[in-house]
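Chemist: Pasting the relevant annotations from TrEMBL:
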DOMAIN    2-349  domain 'Isopropylmalate dehydrogenase-like'
BINDING   73-86, 278-290  NAD(+) binding site
BINDING   93, 103, 131, 220  substrate binding site
SITE      138  site 'Important for catalysis'
SITE      188  site 'Important for catalysis'
BINDING   220, 244, 248  Mg(2+) binding site
Ligand SMILES: NC(=O)C1=CN([C@@H]2O[C@H](COP(=O)(O)OP(=O)(O)OC[C@H]3O[C@@H](n4cnc5c(N)ncnc54)[C@H](O)[C@@H]3O)[C@@H](O)[C@H]2O)C=CC1
Ligand SMILES: CC(C)CC(=O)C(=O)O
Ligand SMILES: [Mg+2]
């Protein structure tokens, strides 16, 4: 099995290095994998002028799975839009048809005090956010900034086709069937036609899953409910932009954005695995970033693309043990715990593994 490793920018190389150590440890234990490295994002622009070069696309197309760190940084913010690192991320998602983004927000009991909510509100929290990843306002055309009537206007297009909504709805319903059987679809149908269609299609698909209890919620309320009573949610399904925002919000219920992994899957469970956070330029190069979201993304890779449930659990259990033993990077640290940096956290996960 081939894994394309794209570390990207900012903290990307630091956190991916720890996840690669985990993969290499499993390889030593008999997991048949080969790692190949490529460029994406700002580092790819620096080397080739493109955020997602053809050579990287050849590598990822031939790989069974992709491990990605993060892209972007302030030094790239003034580039022409097509060259911005984030466009590389949009390109890989679109070109590999990775339409189903799974973002589990689960609280490790050891991190109860790190959560931004009180213990009784978050104890046992386990939400699966299913975010559509290749459509919506992030990809819709027309888009741009142009002069109209003597002033500049900026515009993007929120667009979803019925088939795009239907296929992500199926992923979400199937996830709900395997979990507590509850699905909440999040939209803004009171003002956006695009999401009226979203609600209509999700409601139609629900007929194929009578065992799942479907509810609908407007996104502003959903954002509020996530910090009021997050345990009401089992699976949430939503579009690209709302899912992006709600998953960053949900991450803080688990203690830190540095804890949330993700899987981005195509129809055949070929996948790209990355933490949900960005390149965190404010802490890059300081050996303080939390590598656990990236390490937990490797667990998702083993589960979803390689069907190695036992190895996936081994990684998750190693993370649990590290937290139970009191090791904490800065973002989840608290009094009385053992503060560690990025690499030392990787050391501890390897030791527990
Ligand atoms: N998937 C990706 O590659 C993404 C890339 N970005 C890009 O990343 C750059 C920075 O974006 P921001 O808005 O600052 O979001 P960010 O997610 O990179 O950082 C937000 C905050 O969370 C902290 N943080 C993030 N990951 C952490 C970790 N593993 N451990 C400890 N703390 C962590 C950062 O230090 C920062 O204070 C931008 O260029 C943005 O476009 C943003 C989101 C996703
Ligand atoms: C950087 C963007 C393209 C996307 C983003 O923030 C994300 O996928 O979480
Ligand atoms: Mg995001």
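Placed from the backbone N, Cα and C atoms, the Cβ positions cover glycine too.
What you see is a predicted model, and the numbers here were worked out from it, not measured in a lab.
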Chemist: Helix, strand or coil at residue 138 (site 'Important for catalysis'), per DSSP?
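Modeler: DSSP call for residue 138 (site 'Important for catalysis'): helix.
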Chemist: Here are some recorded positions: 93, 103, 188. Which one has the most Cβ atoms within 10 Å of its Cβ?
Modeler: 103
Chemist: Enumerate in sequence order the binding-site residues 93, 103, 220, 244, 280 whose Cβ-atom distance to ligand 1 is under 6 angstroms.
Modeler: 280
Chemist: Can you count the other CB atoms that lie within 10 A of the CB of residue 220 (substrate binding site)?
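Modeler: Here the count is 12.
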Chemist: Say we define neighbours as other CB atoms within 10 Å of the CB. Which of the binding-site residues 73, 85 has the fewest?
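Modeler: Result for the binding-site residues 73, 85: minimum number of other Cβ atoms within 10 Å at 73.
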Chemist: Looking at the binding-site residues 81, 131, which sits with the largest number of other Cβ atoms within 10 Å of its Cβ?
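Modeler: Output for this query is 131.
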Chemist: Under 6 Å from ligand 3 by Cβ, which recorded positions from 81, 85, 188?
Modeler: none
Chemist: Translate the DSSP assignment of residue 81 (NAD(+) binding site) into the three-state scheme.
Modeler: helix
Chemist: If you measure from the Cα of residue 188 (site 'Important for catalysis'), which of the binding-site residues 73, 103, 131, 284 is the nearest?
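Modeler: Its closest listed neighbour, by Cα, is 131.
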Chemist: State the Cα to Cα distance, in Å, between residue 280 (NAD(+) binding site) and residue 93 (substrate binding site), rounded to an integer.
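Modeler: Distance between the two Cα atoms comes out at 21 Å.
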